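As structure tokens, the structure follows; a few thoughts come after it.
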Amino acid sequence: MSPSCSSCVNVLLIMCLMLLSLSADAYKNYTVGESTGWFDIQERPSANYQKWADSKSFSLGDFLIFNTDSNHSVVQTYDFKTYKDCDYDNNENNDTTEWSAANPSATSPVPVSISVPLVKEGSNYFFSGNYDGEQCKFGQHFMINVTHGQGLPDSSSPDDAAAPGPSESSQSGDDEVAPDTIVPANFDHPKDIESADDDKEVHSKKSSSSTTKTSLFCFVFMGLFASF
């Protein structure tokens, strides 16, 4: 192979590696607590959400999926004092969102799944504010650090995310009823929750197809140049 061809191969190889790296980027969904769900330690003694969170890496555009019931709430804040006090009622900085309001009066709690987008870098704090912070004080809390990663999707910004409350099923007394899924308004979810595994790296089918095509392109060109 001539020196010029060898240089071309090296350039193409570098370009292919860069393309593969870019196409491999994908937003992630993290199921909080995995099979434990989102409950205080009085209900789930094995729950250790901070330990779970410390084993993950979070970036902008990722989602946290809270599988819980209508008797537990999901509160997100950027204020450490609010988090430490397990109390969001007196928060005055407009930096706290109650994604799911609990319903303590319900005689038969219904399963609920809440999808929370990560739209701000830095420290993000989560807890259940139900029963005057009692659930939070009994282990239902954790903090994470969100990095920039590949940034937010083009169609989203921190102001796009609404904070809807849980919608109860019409069969509230049926323990086997499928959980409702609450997705923030005007925010493109990176994957279909129902068809994906816990903590599985995901992106759209278009991205997956693009990765495959890029890989094939690289292998074909490398094979062609290797034959010379």
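Using N, Cα and C of the backbone, Cβ positions are placed for all residues, glycine too.
Listed features, source Swiss-Prot:
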COMPBIAS  153-170  compositional bias 'Low complexity'
COMPBIAS  188-204  compositional bias 'Basic and acidic residues'
CARBOHYD  Asn29  N-linked glycosylation site
CARBOHYD  Asn71  N-linked glycosylation site
CARBOHYD  Asn94  N-linked glycosylation site
CARBOHYD  Asn145  N-linked glycosylation site
SIGNAL    1-26  signal peptide
Using Cα positions only, nearest of the glycosylation sites to Asn94 (N-linked glycosylation site) (Asn29, Asn71, Asn145): Asn145
Cα separation, Asn29 (N-linked glycosylation site) to Asn71 (N-linked glycosylation site) (Å, whole number): 23
Candidate with sparsest Cβ neighbourhood (10 Å radius) among Asn29, Asn145, the listed glycosylation sites: Asn145
Sparsest Cβ surroundings (other CB atoms within 10 Å) among the glycosylation sites Asn71, Asn94: Asn94
